[in-house]
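Enquirer: Sharing a structure here in structure tokens format.
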Amino acid sequence: MFKSGFVAILGRPNVGKSTFLNHVMGQKIAIMSDKAQTTRNKIMGIYTTETEQIVFIDTPGIHKPKTALGDFMVESAYSTLREVETVLFMVPADEKRGKGDDMIIERLKAAKIPVILVINKIDKVHPDQLLEQIDDFRSQMDFKEVVPISALEGNNVPTLIKLLTDNLEEGFQYFPEDQITDHPERFLVSEMVREKVLHLTQQEVPHSVAVVVESMKRDEETDKVHIRATIMVERDSQKGIIIGKQGAMLKKIGKMARRDIELMLGDKVYLETWVKVKKNWRDKKLDLADFGYNEKEY
């Protein structure tokens, strides 16, 4: 008998949702940074064994939106409640429950589907603090299970996976066993470039960046994959920061991104990066759609 199911990973920004998904999948399919709202699109991670398939849906961190992009991200996250059989509600062990958590809990109660509370970052707290956190969240909602983990170190992750697989129902194998995500390579390439911008820039720049892969094709002469990517920003000052003195920052972004892209593709890559200004794109629906943030996602 083959079992399968869809599982959403929900929570506030920066609680470790993408770190958890990457750990389960054994490779990077969701970019990570210490900046809030790193994940902007729903990202599917397909975990398959001989007898089971769990389709995880990593979601943008739920926050109070200030732009049309923020609205898209939050609606995209909540839309998964209509698509899954189980929700992993992830919270950090080293932060007390806040208004953002309460807002999510109210939506989860209304959804009327099983919710597993996943308390991440247990490596950062004393066991007594962890017990207090569990009691506090349990007082707010009747969770199906509570599982403390460290997504970064992998502590207790196998326990969580076993809990999910034990509760799967008989079903189809929705995806081939060698497929690990639903996103095309172009999307993953654009995310890897954006990840390096997030790592290397500060203040308002990370939130104002989108990356569009203009072309991606193999050069038969050099046997390299030639990629042309444009980094979009909202202001000229941001363009200057990303390019850097004599192009140094842009070169660094390109060099770091190329390494990750080559690992993912298993090919040598020639990465060409450009920077363009598109004023206030985060509040323009046409621009959002052009840059891959389309309401059709939800």
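Cβ atoms here come from the backbone N, Cα and C positions, even for glycine.
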Enquirer: Do you know which of 32-35, 120-123, 132-135, 184-187 Swiss-Prot annotates as region 'G4'?
Expert: 120-123
Enquirer: For the annotation region 'G2' in Swiss-Prot, which listed range does it cover: 37-41, 97-101, 152-156?
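Expert: So the range that Swiss-Prot calls region 'G2' is 37-41.
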Enquirer: For the region 'G3' (58-61), what's the model's average pLDDT?
Expert: 88
Enquirer: Looking only at N14, T59, which of these binding-site residues has the biggest number of Cβ atoms within 10 Å around its Cβ?
Expert: T59
